[in-house]
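Residues or ranges marked as signal peptide by Swiss-Prot on the basis of sequence analysis: 1-22. The Zn(2+) 1 binding site annotation in Swiss-Prot covers 45, 47, 110, 295, and the record cites experimental evidence as its basis. Taken from Swiss-Prot, the feature disulfide bond covers 62-81, 420-424, 430-443. What Swiss-Prot records for 69, 131, 222, 238, 263, 356, 437 is N-linked glycosylation site. Per Swiss-Prot, the feature Zn(2+) 2 binding site maps to 110, 151, 252, 293; the stated evidence is experimental evidence. Swiss-Prot lists 114, 151, 152 with the feature ATP binding site.
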């Protein structure tokens with residue numbers, strides 16, 4: 001009940017205390033692109049904590065700290081807490097007032113906070129998702145938004161089912177303004193859908209429920225095709241191929257290997273291999289892939305079975321700055337803007353924006369800034385697989401300045417003094433360039449790891 005009461009309070013008060021929504025904007029040289037360039041926003045991992053409030057007892061600032069002392073709580077949050085509503089609102093206000101024209105937005109899941117299971121309920125989870133949805137709809141009434149469910153967008157967390165549920169039905173009703181009847185139907189049944197972009201009729205968004213493949217999800221243990229999503233995905237991609245459409249894949253839990261760990265996939269390995277096979281088969285149709293979940297900023301390049309790069313994948317950093325007490329690093333809040341060619345939907349560039357949380361709390365105003373422009377920062381031509389693969393090759397150079405920048409951006413410029421030793425670098429680079437188990441293992445063995453594993 002405490003979370004429900006706090007949820008109501010945060011919504012009633014936040015609209016009246018929106019201090020200092022100062023907007024940077026696009027860099028000099030005028031990054032407001034000509035109409036020949038299409039744009040879309042990507043936001044992820046909002047993780048609203050309705051209980052967040054400033055109090056002298058730092059163990060009670062937020063439920064998401066789980067009793068730990070909040071380190072330096074301010075109006076826009078704390079690194080041991082999930083997002084206060086004021087932080088989330090500042091992100092969307094920045095987007096609204098940035099001056100950037102966008103065709104649509106993708107929103108890749110995880111609205112509720114990281115709190116113990118007994119502190120949430122199905123109704124509370126639905127209430128949080130409802131709040132985030134209505135916030136977006138009120139600020140962007142004419143923008144088509146494509147959501148994907150996250151592992152926390154359910155109760156109990158991670159246990160997203162293979163059949164219809166109260167949550168699936170609720171989000172299907174909430175997201176009707178953005179989706180057609182067929183998309184709503186599959187969303188109700190399994191938490192996934194495909195939908196054409198209204199402003200770009202030859203571009204289709206496929207929103208996958210990759211939480212079905214997530215390790216902690218016991219609802220899908222020993223199932224070869226949970227909710228028949230693989231079968232549906234292949235059929236949808238095949239239809240897009242026949243109809244000469246291009247597809248952007250969006251989901252919460254990404255494919256591939258976690259860049260901060262050794263030999264750990266973000267989802268169960270069997271499902272990862274199956275998805276990789278499908279993505280390789282239809283790489284000519286898929287023009288980009290976009291994920292969340294890790295809270296970090298990373299790229300991946302999918303290669304075909306001959307080793308040629310065929311797909312670009314982007315994992316976006318979270319809006320929430322939360323970390324556990326055991327973690328040394330976290331991320332500043334981040335949101336991003338992609339640019340694409342509206343003729344063929346090839347990805348051209350990405351502008352990453354961030355909020356320096358320490359500075360925002362100190363000044364009492366949220367000044368979102370441009371962190372980097374991907375092509376300019378790394379001196380590459382575009383965001384095509386060949387360009388990203390070439391960049392990853394540059395990362396392998398000893399003391400690569402390119403990689404030093406990449407690793408700082410991995411944490412959204414949270415701590416520029418952070419370093420990545422040889423083993424850390426191996427995990428990062430192999431995760432970028434190798435998404436399947438055989439090539440990933442070969443990468444670690446041949447290039448970096450001296451011992452057998």
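Keep in mind that glycine also has a Cβ here, set from the backbone N, Cα and C atoms.
If you look at the structure here, what lies around each of the features I listed?
Under the three-state DSSP scheme, residue 295 (Zn(2+) 1 binding site) falls in the coil class. Within the same chain, residues at least six positions away from residue 295 (Zn(2+) 1 binding site) with a Cβ under 8 Å of its Cβ are 45, 317, 318, 320, 322, 330, 331.
Its own atom aside, the Cβ of residue 81 (disulfide bond) has 27 Cβ atoms within 10 angstroms in the protein chains shown.
Look at residue 69 (N-linked glycosylation site): DSSP puts it in coil.
Cβ neighbours within 10 Å of residue 151 (Zn(2+) 2 binding site), excluding its own Cβ and spanning all shown chains: 22.
If you take the C-beta of residue 114 (ATP binding site) and look for same-chain residues 6 or more apart in sequence within under 8 angstroms, you find 47, 64, 82, 152, 322.
The Cβ of residue 222 (N-linked glycosylation site) has 6 neighbouring Cβ atoms from other residues within 10 Å, across all protein chains displayed.
The secondary structure of residue 238 (N-linked glycosylation site), as reduced to three states from DSSP, is helical.
Secondary structure from DSSP puts residue 263 (N-linked glycosylation site) in coil.
In the three-state DSSP scheme, residue 356 (N-linked glycosylation site) falls into the coil class.
Taken residue by residue with DSSP, residue 420 (disulfide bond) is part of neither helix nor strand, so it is coil. Neighbour count (other Cβ atoms within 10 Å of the Cβ, all protein chains): 17 for residue 420 (disulfide bond).
The C-beta environment of residue 443 (disulfide bond), restricted to residues of the same chain at least 6 apart in sequence and closer than 8 Å, consists of 426, 429, 430, 433, 434.
Neighbours of residue 437 (N-linked glycosylation site), defined as other CB atoms within 10 A of its CB across all chains, total 16.
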For residue 110 (Zn(2+) 1 binding site), what is the secondary structure by DSSP, using just helix, strand and coil?
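DSSP assigns residue 110 (Zn(2+) 1 binding site) to coil.
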So around the Zn(2+) 2 site, 110, 151, 252, 293 aside, which residues have their CB within 8 A of the centroid of those CB atoms?
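The surrounding set, listed in chain order, is 44, 45, 108, 109, 149, 150, 152, 153, 211, 214, 253, 292.
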Other than 114, 151, 152, which residues of the same chain sit close to ATP? List them in sequence order, counting a residue when its Cβ is within 8 Å of the Cβ centroid of the site.
47, 110, 112, 150, 153, 157, 158
Between residue 420 (disulfide bond) and residue 151 (Zn(2+) 2 binding site), how many Å separate their Cα atoms?
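Here the two Cα atoms are 29 Å apart.
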For the recorded Zn(2+) 1 site, whose residues are 45, 47, 110, 295, find every other residue on that chain with a C-beta no more than 8 angstroms from the centre of their C-beta atoms, and list them by sequence position.
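Same chain, not in 45, 47, 110, 295, Cβ within 8 Å: 44, 46, 82, 109, 150, 152, 292, 293, 318, 319, 320, 322.
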Using Cβ atoms only, which residues of the same chain lie under 8 Å from residue 69 (N-linked glycosylation site) while being at least 6 residues apart in sequence?
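Once residues fewer than 6 apart are set aside, residue 69 (N-linked glycosylation site) is near 58, 59, 80.
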